[in-house]
Amino acid sequence: MLTQMPRFVGANRPSLPIALFDSQQVYAIEQDWFAQGYSSFALMQQAAWQMTQYIITLNPCYSSSINPKKPLTASKYQEVSRQPRACVWVGHGNNGGDGWLIAYYLQQVGWHVQVITVGINKSSNNVKDDDTSGDDASGFTSDALRAQRIALADHCVYQRFEDYCCSASEEAGKESDDFYCADDQRLLQADVYIDAIFGIGLTRAPTGVYKKAIKAVNHHAKQTGALVVAVDVPSGLVASTGQVYQRLAIQADVTLCLIARKFGLHTKDGMDYAGEVIDVPLIPYNSTTHETKPIATLLVDAQPLSPRRQNSYKGSYGHVLIIGGNRVDGSQGMGGAAILSTASAMATGAGKITVACHQAFHGALLTSMPDAMTLDLHDVEGVSQLIEEVSVIAIGMGLGRDTKSEKIFIRYLQAIMQHGKSIVIDADGLYHLAGLRKNSHELVAQLRDYSQKYLVCLTPHSGEAAMLLDKEVDSIESNRLLAIQQCADAYGGNWVLKGAGSLVLAQSNVYVSAVGNAGMASAGMGDVLSGVIAGLLAQRDLSAEQRSLQQAVLIHGLAGDMLVNQQSNDVDNNTGSQRHLLVGQRGLQAQDMPAAIRHVMQLMTI
Ligand SMILES: NC(=O)C1=CN([C@@H]2O[C@H](COP(=O)(O)OP(=O)(O)OC[C@H]3O[C@@H](n4cnc5c(N)ncnc54)[C@H](OP(=O)(O)O)[C@@H]3O)[C@@H](O)[C@H]2O)[C@@H](O)CC1
Ligand SMILES: Nc1ncnc2c1ncn2[C@@H]1O[C@H](COP(=O)(O)OP(=O)(O)O)[C@@H](O)[C@H]1O
């Protein structure tokens with residue numbers, strides 16, 4: 001198996017944005033190509049041939065033989081010089097057709113290959129030579145049939161998973177979903193497992209034999225340490241949404257993505273199952289001339305930042321007002337939320353910061369950040385006046401959900417709109433907004449109108465988005481793209497839907513963040529993000545792109561990645577050599593973020 005690819009900040013990273021598409025769009029691009037007279041089977045052959053080339057180089061034995069940094073040892077040489085082995089799992093659609101042709105090509109170049117068919121009737125095997133008609137009764141497409149026929153004519157060895165699966169169930173004495181039999185002699189102990197069961201055609205949760213086959217591939221690959229390569233999309237993952245039904249999909253090390261990059265590989269579960277994604281483009285695509293436009297853009301790196309002018313002062317970099325950190329009667333309060341936002345806004349380089357939080361937290365705040373100014377959250381007159389002076393306001397982090405908090409939220413939002421200020425709404429601010437919409441409060445419509453002219457950024461996670469849309473969290477999670485669009489329709493403004501592969505909707509464009517990690521799933525990370533957004537927005541010396549919402553999300557994610565990939569310069573006392581200790585995702589704290597954000601800001605400045 002491949003180890004997780006390290007992520008880097010700056011020059012070494014591939015930095016170009018990548019266009020993302022859903023399954024229907026990929027079908028449309030294919031159809032457009034066929035309408036120009038190109039053959040669908042030729043495309044399948046081309047796809048399989050190109051994927052075969054990748055698989056040959058990805059094969060762990062071959063890779064080590066061509067890696068100049070890893071000279072071959074005698075035992076490794078013997079390993080390399082033996083025949084590589086591939087086990088290709090094929091379904092009945094065109095994805096399976098790709099699999100049959102890959103099996104054929106690998107066998108042609110001397111690999112030992114076994115095909116395992118999943119969900120294919122016995123009658124569909126051994127297809128007659130003259131059978132070039134349309135789709136057959138088993139669901140096989142004509143292209144997949146042709147592919148199968150070519151492989152079988154070359155005496156490709158195949159096994160029906162159902163036969164192998166049935167006997168294993170019999171051995172267990174009962175029908176069970178938990179199929180596997182690690183030492184089954186009929187299954188080739190392969191170097192590479194190739195998953196061609198489902199591609200973009202998956203329409204529902206895999207059940208029965210498909211479910212067992214997916215479990216079996218994952219199990220065998222884990223047992224043997226084989227490399228798992230998914231054809232187009234890991235089977236079980238919905239290419240358009242990134243959803244995996246019941247947490248069951250092929251756990252790929254590498255996904256060879258055909259024709260166009262699928263949206264679902266980069267958000268939600270996609271990131272856990274797709275492994276490294278390699279493009280196999282096949283069809284020329286030009287976004288300016290093609291009718292099919294991408295649904296989103298994958299951003300892998302932040303925009304470089306311009307250096308500051310020597311002749312500048314703190315006023316050149318804006319004034320941020322953080323409104324949050326309340327202490328609702330009897331509770332310990334949420335001062336930390338405002339402190340984290342403030343520290344993060346400062347780390348981006350905002351010129352001045354004032355925090356309107358509960359007085360109980362002023363001492364703590366000033367101890368950790370003597371450079372911030374403070375104001376009592378409940379000093380309605382004072383805060384409203386300050387709103388007029390500042391450049392950006394972030395409101396809601398630890399604001400509280402009681403009626404008193406709701407009142408000040410309404411009051412401050414009105415003041416912000418009265419003075420035409422840029423605003424970031426997060427956490428309890430979103431909670432109040434959802435409540436106001438439920439009660440048909442006029443403020444929601446006013447905010448929507450306001451967002452046509454002024455910058456309004458709203459940053460829910462899925463739970464908050466569910467509240468805002470009055471839906472279940474599952475319904476948000478099953479289609480995050482739709483959810484963020486519905487949020488924008490209902491409230492106006494620019495949005496971040498936070499989580500793995502955070503989505504950003506800004507000026508009607510959708511972006512997916514390729515950075516960030518599961519270590520960031522810890523309390524306070526959202527407060528950090530709202531601080532980064534406000535801090536960047538305040539710095540008017542930066543270009544619109546450099547201080548955009550998507551830029552803030554990327555800087556936040558890059559800082560999180562930097563923390564988990566950093567190496568300490570610890571020295572081993574016995575040997576005197578440097579030990580490289582990786583800081584992992586578990587235990588990453590929001591309070592670690594401001595230092596990393598500062599570092600990312602420095603690395604991004606050209
Ligand atoms: N010539 C071309 O166009 C090229 C295509 N290419 C390749 O084709 C792939 C797309 O092929 P595809 O459209 O045949 O879909 P694919 O994913 O193979 O199979 C889906 C089949 O499974 C079924 N099904 C769905 N869900 C199910 C479930 N849970 N459990 C059971 N069955 C289920 C569904 O039928 P249904 O039952 O929904 O009617 C359908 O029959 C694409 O990813 C790429 O690899 C490339 O070669 C380039 C050239
Ligand atoms: N698995 C993950 N991958 C990438 N980013 C993540 C992941 N989990 C959380 N994050 C990021 O961390 C932040 C968490 O925000 P949020 O849930 O609002 O935290 P809190 O409410 O505790 O402040 C978001 O920006 C989110 O995108």
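Backbone N, Cα and C atoms are what each Cβ position is placed from, and that goes for glycine too.
Note that TrEMBL annotation is computational and uncurated.
Annotated features in TrEMBL:
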- 26-290: domain 'YjeF N-terminal' (DOMAIN)
- 297-604: domain 'YjeF C-terminal' (DOMAIN)
- Ala337, Gly398, His461, Asp527: (6S)-NADPHX binding site (BINDING)
- Lys498, Gly499, Ala500, Gly501, Ser502, Gly526: AMP binding site (BINDING)
Applying a 10 Å Cβ distance cut-off over all chains shown, what neighbour count does Ala337 ((6S)-NADPHX binding site) have?
30
Residue from Gly398, His461, Asp527 whose C-alpha is spatially nearest that of Ala500 (AMP binding site), among the binding-site residues:
His461
What's the CA-CA gap between Asp527 ((6S)-NADPHX binding site) and Lys498 (AMP binding site) in angstrom, rounded?
12
Just name the most isolated of the binding-site residues Lys498, Gly499, Gly501, Ser502, Asp527, going by other Cβ atoms within 10 Å of its Cβ.
Gly499
Does any of Gly398, His461, Ala500, Ser502 have a Cβ within less than 6 Å of an atom of ligand 2? These are the binding-site residues; tell me which, or none.
His461, Ala500, Ser502
Would you list the other residues of this chain near (6S)-NADPHX - those whose C-beta lies within 8 angstroms of the C-beta centroid of Ala337, Gly398, His461, Asp527 - in sequence order?
Gly324, Met334, Leu340, Ser341, Gly396, Met397, Asp426, Ala427, Asp428, Ala523, Gly524, Gly526, Ser530
For the recorded AMP site formed by Lys498, Gly499, Ala500, Gly501, Ser502, Gly526, which further same-chain residues have Cβ atoms within 8 Å of the site's Cβ center?
His461, Val496, Leu497, Leu503, Ser513, Gly516
Closest of Gly499, Ser502, Gly526 to Ala337 ((6S)-NADPHX binding site), Cα positions, binding-site residues only:
Gly526
Which of these binding-site residues has the least crowded Cβ, counting other Cβ atoms within 10 Å: Gly398, Gly526?
Gly526
Distance between His461 ((6S)-NADPHX binding site) and Ser502 (AMP binding site) at the Cα atoms, whole Å?
9
On the three-state reduction of DSSP, what should I expect for Ala337 ((6S)-NADPHX binding site)?
helix
Counting across all protein chains shown, how many other Cβ atoms sit within 10 Å of the Cβ of Ala500 (AMP binding site)?
19
Candidates Lys498, Gly499, Gly526 (binding-site residues) - the one closest to Gly398 ((6S)-NADPHX binding site) by CA:
Gly526
Find the longest CA to CA distance in the recorded (6S)-NADPHX-binding set Ala337, Gly398, His461, Asp527; express it in Å as a whole number.
16
Validating a neighbour-count step here. Other CB atoms within 10 A of the CB of His461 ((6S)-NADPHX binding site): how many?
20
